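Q: To start, I am sharing the structure in question, which I have written as structure tokens.
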């Protein structure tokens, strides 16, 4: 193995293989098995916060519709959301820079920013995919009620597991694959007879259009989540707020380009990004920004699967809230589906389902001679 393929740990001064999809996965598996109580508490807080925000999101989208349509441009909501997240990242980065210890390299220096930008250029990929997905969230609301949208989005869990297996070489036990299958069954049970009836959309029957949007709605954000997790964890030493600044900055650019595209097609009057907004849309922007910020903490410090499972818990809140606010019926299919989802969650995260580390499946380490350390 060449020296170019090795890097030195800044903590123990041992050499280890450069982070690839396989080593990033193994490193996370080892980290998860040794997670201290304070990190478990962080995971609980992330899950609780995510459940609340994700559960409210389809409700706020539904409240933003006027006569079944949006009086504003969904792209404008997405752009304002990204701008809000950029502002948050900047504020937190300034606070973190002020609290740096003497001797640490400044987070606000030009060299730090340029180097971090080069190392985190991969974040442009999930930013583009998220920009597409955020627009699709509004399109899906035209076909399904809030509870069904939430259940459909949970299909991403199975897709993400497959992508993690292929792209990041993550390992799942047979019990965990069975748990994910149970999750798919629970979602499918709720989805029965959920497609709406009505006029055609985009020249296709509504059922066909809904299936197409569902496929894109599931695959695009799944790819975004996997790329986002790898990009954040592969540059673990970079401040998460600096990484978020790049991610949200890319997202703002892509959404702004989308608005410029609508201007070309619909005319200059469509450039007013504040047109048609209400208190509900402002709350929606805040909610979406909060979701994005929490997601970055999930991907860097926790796990994509945990993020998606936490979103399934929000299904209960969404279902009951939509029933109370909008009179949507909680069917027996919905209740049975939720029960299966909870069984799946318990099975997936049970200690009995953990993957056993193979003898050669550990992160490679190589001792560093004292002479090598002196050259650093």
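Using the three backbone atoms N, Cα and C, a Cβ is placed for every residue, glycine included.
TrEMBL does not curate its annotations; it predicts them automatically.
Not my notes, these are from TrEMBL:
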{"type": "TRANSMEM", "residues": "41-63", "note": "transmembrane segment"}
{"type": "TRANSMEM", "residues": "75-95", "note": "transmembrane segment"}
{"type": "TRANSMEM", "residues": "107-131", "note": "transmembrane segment"}
{"type": "TRANSMEM", "residues": "151-167", "note": "transmembrane segment"}
{"type": "TRANSMEM", "residues": "174-192", "note": "transmembrane segment"}
{"type": "TRANSMEM", "residues": "204-224", "note": "transmembrane segment"}
{"type": "TRANSMEM", "residues": "245-268", "note": "transmembrane segment"}
{"type": "TRANSMEM", "residues": "280-301", "note": "transmembrane segment"}
{"type": "TRANSMEM", "residues": "313-343", "note": "transmembrane segment"}
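Situate these features within the shown structure.
A: Outside the transmembrane segment (245-268), and at least 6 residues removed from its termini, the chain residues within Cβ reach (under 8 Å) are 73, 75-76, 78-79, 82-83, 85-86, 89-90, 93, 116-117, 120, 123-124, 126-128, 130-131, 134-135, 228, 292, 296.
Remote same-chain residues near the transmembrane segment (280-301) are listed as 39, 42, 46, 49-50, 53-54, 56-57, 60-61, 63-64, 72, 77-78, 80-81, 84-85, 88, 130, 134, 225, 228-229, 232-233, 236, 240, 243-244, 247-248, 307, 310 (criterion: CB distance under 8 Å, separation of at least six residues from the stretch ends).
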Q: For the transmembrane segment (107-131), give me same-chain residues lying six or more residues beyond its boundaries with a C-beta closer than 8 angstroms to one of its C-beta atoms, as numbers and ranges.
A: 78, 93-94, 96-97, 100, 220-221, 223-225, 227-228, 230-232, 234-235, 238-239, 242-243, 246-248, 250-251, 253-255, 258, 292
